[in-house]
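Quick look at what TrEMBL lists:
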- 1070-1089: compositional bias 'Basic and acidic residues' (COMPBIAS)
- 38-120: domain 'Ig-like' (DOMAIN)
- 133-211: domain 'Ig-like' (DOMAIN)
- 224-312: domain 'Ig-like' (DOMAIN)
- 317-404: domain 'Ig-like' (DOMAIN)
- 410-491: domain 'Ig-like' (DOMAIN)
- 500-591: domain 'Ig-like' (DOMAIN)
- 598-684: domain 'Fibronectin type-III' (DOMAIN)
- 685-780: domain 'Fibronectin type-III' (DOMAIN)
- 842-938: domain 'Fibronectin type-III' (DOMAIN)
- 940-1031: domain 'Fibronectin type-III' (DOMAIN)
- 668-697: region 'Disordered' (REGION)
- 820-847: region 'Disordered' (REGION)
- 1070-1107: region 'Disordered' (REGION)
- 1039-1060: transmembrane segment (TRANSMEM)
């Protein structure tokens, strides 16, 4: 394998060692005595020579032993072999022309030969011009040829450059172009100077005289043409990374302008730059993306001309991947990658010490394929300089690679006994850098001598260093790194520390302006992490403690206190705990709330008589939305929603008004706004009398009456009532002013319909226009009523009536009858009508199910009153704390048949408020609201109460309120037993389990495991048959004998009474008394009906009738009072079972038995908390009654 520690540098003679500083000097000293192949330090370049002094071709190299040099010109060796230096210089006696040709230098010693690139040496002696004003002119410049084109400079005899412009410029060919001549262009010293930079020479040409003659054709102008390029199209080939210039030099009068475009793309997206007054498009570092069609267009007032360029971009060879100069150990496989690219694709050839590979003896260990040379099982004799050469039609490139085969003793470079620390779950690198040739083989072992590489979390690097991913606390310990087959080793000590955890994250706090807020940041860090920092940031900016005003205080436990909170203190606060090995971060927020600012800029608009619009600009709500705005007449007048900023008001007449507006949010009222301007309503009446009707009883008489108006509504003196009347089919109104009702109109005809109305007037004007009513003149006419609930008004016909109390989205049928004093008519034909669709009622029920600690499934039932076709439901929920400030999440369900939804990503630590709303086309109905939270992952109980009996142990516990059901088994071991036994699977929510089939008087070890951990364990005894002795003489005491006799007699009397009552078939008086005393709130046990006498019991057996009645728990002495909502159930052995309300079913085998030996339960008075009587079933009821009587 490749050794990456040593590298030969082509620019220096020494060997560079990639190794720690502590061992570099040792390796250098070792290698200084080694032989080195030739390394070229100076190489020649192509040049153009104008004299023998220009011939200087350097060729220098380093190596051990010192290299010798030889030159080849045009494929033939020249001169003798050179020592010390290989630089080639010209001799004075040799003609300069003989030095022209291709040269290459070879540097050799016993370890190989290095070769330079091929270079070329090129060896290199006017008439007056006359033109007319306005004509075009070109002054030529023909400098000597050179391998490197010269730079052309047109200057005068004082060596001052000829000034160039868009009219006068030097072309790429070195000629000087005049687009049009001016008289001022005449001069006799236009000199072309060729500057050869490589040779350091400037060659001036013969001075040119230019004479410009005046001409009358200047005023006519000429259409543009191009000096160069010629024709209409030019194809150019450019090499990648080189420079190229596209040139258009126009001629014409006036001087043409030039515009460049890319025909097949955007010129702005190329690397081309337009310069030299727009005459040239220059590419300084051309790329393949510059390939395409370009056009230059020259234009002036007389026309235009254009020229197209097709630019093709190819590339001479360039390296994509180069092999490295490395040291190798014997037996390794060496791969030299030499990849080049170019357009066209270059070919790659290999040489060894300058000799082509095809001319070297074949070696089965060596293979070459394109740019890859592979040497297998290398030996010391493979040390050489390998050449890789890439060539295409545009040139070639050559690379020398040094391969050195060497053997070095192994050693470990990393320090011994280093202590490494890493946080649990992090990655750590244990260093064991090694060095040697051949490469040392490294092994790592732990304290138990188990190789670390067997752990999939461990990866070994090439230098022997290992990386451990996902470190756990158990990984702490000492590790040994050693070199195989040697006694060289080092140890590394690894300490895995606990992660830093924020236990209490900052809360989302709503704080009143001016108050203080605390943001918690309680955290835990490993005690071995001595250095730590607590940083608080607000909106990403670090929070600094402020002294002396103590605006912000950071306590030692990380809590941040912000005092005198103002609006700019609101934002997102993050707490960051930083240690040397890790850092954790948690965020909360402060929302500053306050009473709203008062509204401002009150204005009155749309003022009409006693109507106007009051407008205002709401004040700042201070993060508590404005609920409503109150308008005050220095007492509250009206309220509107907070988003309103204007309101139309109807005012009382004859009043003066000023308005103020107050904003209200959950924190209180704002200060009132400034009062509005004063407005006075006109004093004319603002209303008319009500109750306008006809009370006509006499024929041919119309009696109009109404309800008199309060004098406060007269608004001025001279108040009167203006009475209007006309026949129903008439157009003209009759009217009369009166001071009070009623008003009589005579000669009206019998039962004639009239339109009547009454208007209020005073001395200043009339009130609003009244609405007419229908009345009839006197007669016993017929009146109409609608079956159901219509009360007809006397003396007038009612042709319409509002029916209330109807159900929405329902179909009704109604009939109408007419009646008068003579009787009632038959009903009309039934009329069917349907009530419109309305908003539905709330869903009938809403329940939850929690499949995980972050999700809830809501179940609901459709509304009892749909009031239309259900279109779907709206589900809303938000966290319960500060509910009015929380964001409400909404889910829309468009399918009315869907009555459940699963909500994900809930906060397990919060309660939520859930609302479900049904909707129809008429709108959304009222919601059904419930508060709930997700259930947390259940665990077996850890606080268990044990009640022992002879052959069983009764275990009871209180399940967690928010814990999901969890199945577990109870393991038990008898002290004298041989092995553990297990119960059936028990549900954590059932709160009770009876472990049966045990041995009396035995010791048992009980245990509940959760995973691999013991959740709970205890040792207890079952009850054994222990005989008891009575004190001597106690049974002979007289008072005891009398008491027992009395009790027996009382029991016999009760039994006789019970049997008599039973034979009569009635209910027992005791039963009646029980039913009166039963607590309606006592919950049933399982599916039994507690405390209700059943006739089924009487019919079970004629030979053995059961009188046992299962008593319902009384409200005064209910067993539920003595447990946390736990119904109490008794077993046959006298123990009780706490059945937790609403939990899962009791496991099979523990149900209450209904055998002939039925259990009975009784509750005594307050002095006896529990009384369990175990008697045969035929006496159980009477014992029960006796117990209650006692």
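Keep in mind that glycine also has a Cβ here, set from the backbone N, Cα and C atoms.
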The domain 'Ig-like' (410-491): DSSP-derived helix, strand, coil residue counts: 6 helix, 37 strand, 39 coil
Long-range environment of the region 'Disordered' (668-697) - Cβ separation under 8 angstroms, sequence gap at least 6: 595-600, 602-604, 607, 609-610, 612, 614, 616, 619, 630, 632, 651-662, 703-709, 713-716, 719, 721, 741-742, 754, 756-762, 764-768, 770, 773, 775-779, 793-796
Per-state residue totals over the domain 'Fibronectin type-III' (685-780) - DSSP helix, strand, coil: 3 helix, 42 strand, 51 coil
Residue distribution over DSSP helix, strand and coil in the domain 'Ig-like' (224-312): 6 helix, 53 strand, 30 coil
Within the domain 'Ig-like' (38-120), residues counted as helix, strand or coil by DSSP: 7 helix, 45 strand, 31 coil
